[in-house]
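*Asks:* Straight from Swiss-Prot, here's the annotation block:
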| type | residues | note |
| --- | --- | --- |
| SIGNAL | 1-20 | signal peptide |
| REGION | 189-293 | region 'Disordered' |
| COMPBIAS | 189-198 | compositional bias 'Acidic residues' |
| COMPBIAS | 223-238 | compositional bias 'Basic and acidic residues' |
| COMPBIAS | 249-272 | compositional bias 'Acidic residues' |
| DOMAIN | 288-325 | domain 'LRRNT' |
| REPEAT | 349-369 | repeat 'LRR 1' |
| CARBOHYD | N359 | N-linked glycosylation site |
| REPEAT | 375-396 | repeat 'LRR 2' |
| REPEAT | 397-417 | repeat 'LRR 3' |
| REPEAT | 420-440 | repeat 'LRR 4' |
| CARBOHYD | N430 | N-linked glycosylation site |
| REPEAT | 446-466 | repeat 'LRR 5' |
| REPEAT | 467-488 | repeat 'LRR 6' |
| CARBOHYD | N487 | N-linked glycosylation site |
| REPEAT | 491-511 | repeat 'LRR 7' |
| REPEAT | 539-559 | repeat 'LRR 9' |
| REPEAT | 563-583 | repeat 'LRR 10' |
| REPEAT | 590-611 | repeat 'LRR 11' |
| REPEAT | 613-634 | repeat 'LRR 12' |
| REPEAT | 642-665 | repeat 'LRR 13' |
Amino acid sequence: MKFSSLYCFLLLLIFQTDFGQNEETSRRQRRKMYHRRLRKSSLSTHRSVRQPGIQQMKTVTPAAKLPIINLDYSIEENFESFLSVPGVESSYNVLPGKKGHCLANGMIMYNKAVWSPEPCTTCLCLNGKVLCDETKCHPQMCPQTIIPEGECCPVCSNTEQREPTNLPHKQQSPPWEEMNRALRKEELQLEEDEEEVKQDENREQKKKTFRPGDWGRPINEGQSREGKAQRPEEEGRQAHQHRNPARENEEDDDEEEEDDDDEEEDDDDEDETIRGDTFRMPPRLPIPATPRGIPSLPSMCSLSYKTISCISADLTQIPPLTAPEITSLELIDNSITSIPDEAFNGLPNLERLDLSKNNITSSGIGPKAFKFLKNLMRLNMDGNNLVTIPSELPSTLEELKINENKLQVIDEESLSDLNQLVTLELEGNNLSETNVNSLAFKPLKSLSYLRLGRNKFRIIPQGLPASIEELYLENNQIEEITEISFNHTRKINVIGLRYNKIEENRIAPLAWINQENLESIDLSYNKLYHVPSYLPKSLVHLVLIGNQIERIPGYVFGHMEPGLEYLYLSFNKLVDDGIDRVSFYGAYHSLRELFLDHNELKSIPPGVQEMKALHFLRLNNNKIRNILPEQICNAEEDDDSNLQHLHLENNYIKTREIPSYAFSCIRSYSSIVLKPQNIK
């Protein structure tokens, strides 16, 4: 009895399993046949409309180089300073800026300035340190991602965004469960479509049935109406076939190929029936193909985070682009010669435009080429052939660069309406006091950074705006500084006058002594024979490298408050008689760096041991032969010196004859450089 019951139960189980598989197979076949009918009907009645546009490349989020951002979002700074990192020394080619400024990409950033060197990266200048932060993006588990406008991180392009796998509170479902959910959703959609088709068929049948009021109408009346409605469609179809017979043949071939593919898929499905004792991984979800008919960017161009870059792309004209979402356009190092009025009509929201290293001429720029760029803030036209500043520049400009051109004149109207301009760079042109109008800079109410280096000025340009804070006039022919040179520039903080022809007796006593904000002056490579007198009392940095200076007059720094901190006198002709104990009077308490290398000193200058704040001392490449006791360390004092770097190499010192306590106040002997020495 038990055996017969068990046998019947097994037969019933086998029958149920076979019936379930057959039911599933028939359901899948019906679904595919239905989708095939829908696809054929859509191919026969609808044709895709191609729309022009721009094919975007996949956005690549650049990784910030500095600083290092840990997993807990803490920041590790890489702050290069010889005052805090052993072995790093000052550079002669760096002009110290205002205390708290930062140097980034060749530009001096103000304290608390914020900028974005790369997409998704934000940097902050804080008390001389550059702090950068990068937006971290979680990976998306979807076939295609997009970056929404104004965002850094990609999101899924479909409506259902999958959860990231790295979230701890949610566990990713197995792939077969995802496939089952997709199949269930597809079945529900299929049932809804079938219901709609049935409803449409019922409506058509109701229309064809005669109502009681229709018996008196002729039957051919409805036929004639249908014929009239179908006649234009038939005529249009015949005309289309007559014009494009080849295209019709291609479409028929495509439909036949699709039918063959569907049949092959049906055969494969029949062979790959899922059995109860086997497991088969579900196929990959289809990835949508790129729409056909969308034109791509010009060759050698790229699109990344609202920026179009065409660097060294062999362009001879500005490409016609229509993309209102683009905010930055780079056309660097091409062969563009002209800018027509309508060049940027398709880019109305441009904020940054870089046209450097081209062959653009002033005559090739339309009078309204830039007028309608209402959001433009940064314009770079370095390395072109401009002889005048372009007209009708937008009033929103904050930065204008026209370096390395052929500018020959700046009149009163050249910079009109640029009242928001902060940075102006006009280096490497043919400008002088004869072709620059004294009222040219008057409209620039917000200008704080002005570069006029590598021109032909013989005096300081007149009419500088009162808002100016940094002025650079390197590589000109300036010979004197008069009392009225900086009369109206009370906010000026940095003056760079390297490589000119200035002599100390051509600097007027009242030229800058009353400036209250002037902290940095660079007079390197001029014709100075001693340290200039009447320096600003607010001075902090003084750079006098590469002159003919033979002495430092006494009390020359005595009037300064709070006091000089950085003094660079390298590559001069200083001798022992040119420095005495009162030469550094007024700077003993404040001097942090003193560079006296590459001179003709035979001994360590007096007063070094009294410089309590000194961190960096260079005396290398002189003619020093011995180090006397108490020239660097005072034996009567027990406190350690703040000196962290002492350079005495390339002199004539006999290291074995140095007194044992000569460097006793220095905390680490590794900070003293004594070798190599000259032998003579």
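Just so it is clear, glycine is given a Cβ too, placed from its N, Cα and C backbone atoms.
Keep in mind that what you see is a predicted model, and the values were worked out from it rather than measured.
Relative to the rest of the structure, where do these features sit?
*Replies:* Secondary structure of the compositional bias 'Acidic residues' (189-198), assigned with DSSP and counted as helix (H, G, I), strand (E, B) and coil, comes to 10 helix, 0 strand, 0 coil.
Averaged across the repeat 'LRR 1' (349-369), pLDDT in this predicted model comes to 95.
Of all Cβ atoms in the shown protein chains, 14 besides its own fall within 10 Å of the Cβ of N359 (N-linked glycosylation site). N359 (N-linked glycosylation site) falls outside any helix or strand according to DSSP and counts as coil.
Sequence-distant contacts of the repeat 'LRR 3' (397-417) (same chain, at least 6 residues past either end, Cβ-Cβ under 8 Å): 356, 376-389, 423-431, 435-437, 439-444, 451.
Residues of the repeat 'LRR 4' (420-440) grouped by DSSP class, helix first, strand second and coil last, total 0 helix, 4 strand, 17 coil.
Residues within less than 8 Å, Cβ to Cβ, of N430 (N-linked glycosylation site) and separated from it by at least 6 positions along the same chain comprise K406, L407, Q408, N455, K456.
Away from its own ends, the repeat 'LRR 5' (446-466) comes close to residues 108, 403, 419-433, 436-440, 472-482, 485-486, 488-491, 496 of its chain (Cβ-Cβ under 8 Å, at least six residues beyond either end).
For N487 (N-linked glycosylation site), applying a Cβ distance below 8 Å and a minimum sequence separation of six or more within one chain yields no residues.
Counting same-chain residues at least six beyond the ends of the repeat 'LRR 7' (491-511), those with a Cβ under 8 angstroms from any Cβ of the stretch are 95, 97-98, 108, 448, 453, 466-483, 485, 517-534.
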*Asks:* Are there residues at least 6 beyond the ends of the repeat 'LRR 2' (375-396) whose Cβ is under 8 Å from a Cβ of it, and what are they?
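*Replies:* Same-chain contacts beyond the flanks: 327, 348-362, 365, 367-369, 402-410, 414-415, 417-420, 425.
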*Asks:* How about long-range neighbours of the repeat 'LRR 13' (642-665): same chain, 6 or more residues beyond its ends, C-beta under 8 Å?
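*Replies:* Same-chain contacts beyond the ends: 82-83, 86, 89, 597, 612-629, 631-635, 671-680.
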*Asks:* For the repeat 'LRR 10' (563-583), what are the same-chain contacts with Cβ under 8 Å, counting residues 6+ beyond its ends?
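*Replies:* Sequence-remote neighbours of the repeat 'LRR 10' (563-583) are 90, 92, 96, 524, 530-531, 539-557, 589-603, 605-607, 613, 618.
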*Asks:* Please list, for the repeat 'LRR 9' (539-559), how many residues fall into helix, strand and coil according to DSSP.
*Replies:* 0 helix, 4 strand, 17 coil
